[in-house]
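Copied over from TrEMBL, here are the features:
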{"type": "DOMAIN", "residues": "15-489", "note": "domain 'Major facilitator superfamily (MFS) profile'"}
{"type": "TRANSMEM", "residues": "17-40", "note": "transmembrane segment"}
{"type": "TRANSMEM", "residues": "52-72", "note": "transmembrane segment"}
{"type": "TRANSMEM", "residues": "84-101", "note": "transmembrane segment"}
{"type": "TRANSMEM", "residues": "113-133", "note": "transmembrane segment"}
{"type": "TRANSMEM", "residues": "154-171", "note": "transmembrane segment"}
{"type": "TRANSMEM", "residues": "191-209", "note": "transmembrane segment"}
{"type": "TRANSMEM", "residues": "245-264", "note": "transmembrane segment"}
{"type": "TRANSMEM", "residues": "284-305", "note": "transmembrane segment"}
{"type": "TRANSMEM", "residues": "317-336", "note": "transmembrane segment"}
{"type": "TRANSMEM", "residues": "465-485", "note": "transmembrane segment"}
C-alpha cells in the first residue's frame, strides 16, 4: 500500500476546491436569470406564451443532457482540464449571446432558446466535476465532499437570484451602448456578470487544477486520465461488477428529485403573478428574495446532513427528504374558497384597484399582493381569463406558498446530496465519468420534462391538477426506494473489503 504524501493531499484538495467553484458557477449560470426569463421574454417577443417559457427553461437541460455523457466519456480518457475549459468557454459565449437576443427584429424567442441551450451544454461539466470528486476522495471523505459540492451548487442558486435582484435596480431600460449594440439592463447585466465569472474560472483551472486520485481507503494511485501525475498503485479493488439495479434505481430517484424541483422553480413566477396580482418586476423581486432564503436554508441543510449521515446513514436521510418534499407539494394544493383576481384583457390601465375594500381587513397571509414602490403603468395583472381554471380554482394563499417553499427547500437538498453520495459509493473505485454523465443526463431530462409538464398542465388544468400529479410521482419514488433499499450500499462494502 502507498500512503498518500502530504504534497499529494494538499494538491488533491486544492483541485477539489476548484471543482467546488466550477459547480458554483454552473448553478449561477442557471439561476441568475431564472426569475427574469419570463418578463424578458414577454418584452422582447410578445408572441411568446407560458408554454414557450417551459421550452426556454427546458432548453438549458436539453443542452446539459446531451453534453454530460460526452464530457463524462471525455474525462475518462483525457485530462479533465480539457472538457472543463471547453465547457466553461461555451457557457461564456452563450451568456454573451443571451445579452444580444433583443437585437434581431423577429424570432427573438428562438435566439433566447438557443442561448439557454448552449449555456446548458456548457453546464455538462457537472458530470466531470462529480466524477473527479468521487475519484479524488476516500469512502470516509465522500459524503462530506459531495455535500460540499452540493452546498456550492446551492450557494450558486442563492447568489444567482440575489444578483438578479440587485440588477433590477438598473431597471428595464438601463443603459444603451450603441457602438456595441448592447442594452445593459436588469435582464442582460446578470448574464454578462456570469460570463466574467466563467473567464475567471478558466484561469483558475489552468493555474491550480491538477489530476489526483485515491482509492476507497485513501491510498493514492495514478489516475487513468492523468498525464503522469500521482504514483502508481496496483488497484486490486476494482475487481467485481457494479450493481446495475441499484444504479438504475438511483438514476430514477434522481430524475424524480430534479423533476419536482424543476416544477417548483419554473412555476414560481407565473403562479405568484396569477395568484397575488404581482407585476413582472414584483414577481422577479419577491421570488428572488424567496429563492435566496431557500438557498440559505439549503446550505445549512448541507452542513447538517454531513454530520447526520454518520449516525443514520445516507439511505434513511434520502427517505426522509422525499417525505418532506411530498408534504411540501401537498400543502401547495388549493384548499381555500376565495378565487384569485381575474386579469381581463380589456383592462388597459391600473385605475381599477387591485385590492378590494373588503380585503383590507383580511389577515396578511391571505392578501393577494405585496406592494413594491414603483411607477405602475398599463401592465395588466391577475390571473388571465384565458386560463379557464382561474374562474373556478381557489387561490393559493401566501402562507401556503411560503410554507411549501420552506419544506421543499429542506427536502430537496437532502435528496440531492444523498443521491449523489449513494451513487458514487455504489459505483466504487472504477472511473465514474460516463456513469456520472448518465446521472447528470437523467437530472437534465427531469429539468426538460418538469418545466414542459408544469407549463402545459398548469396553463390548461391549473395548480390543483399540476401539484396532485407531483404528489403521485413522489409517492411512487418512495415505493421504489423501499424496494431497492438494501441494495444501496458501497461497492467496497458489497464485496466485503470494508465495513459499512
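Backbone N, Cα and C define each Cβ position, glycine as well.
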Using a Cβ cut-off of under 8 Å, list the residues of the same chain at least 6 residues beyond the transmembrane segment (154-171) that approach it.
23-28, 30-36, 184-186, 189-190, 193, 281, 284-285, 287-289, 291-292, 294-296, 298-299, 302, 413
So what's near the transmembrane segment (317-336) in sequence-distant terms, Cβ-Cβ under 8 Å and 6+ beyond its ends?
253, 257, 260, 305, 308-309, 366, 393-397, 400-401, 403-408, 410-415, 418-419, 422, 462-464, 467-468, 470-471, 474-475, 477-478, 481, 485
Average pLDDT across the domain 'Major facilitator superfamily (MFS) profile' (15-489), rounded to a whole number:
79
Which residues of the same chain, at least 6 past either end of the transmembrane segment (52-72), have a Cβ under 8 Å from a Cβ in it?
30, 34, 37-38, 41, 83, 87, 109, 112-114, 116-128, 131, 262, 266, 270, 432-438, 440-441, 443-456
Mind checking which residues of the chain, 6+ beyond the ends of the transmembrane segment (113-133), have their Cβ under 8 Å from one of its Cβ atoms?
15-16, 19, 22-23, 26, 29-30, 37, 55-57, 59-72, 74-76, 80, 83-84, 87-95, 97-98, 101, 145-146, 149, 420, 424, 431-433, 435-437, 439-441, 444
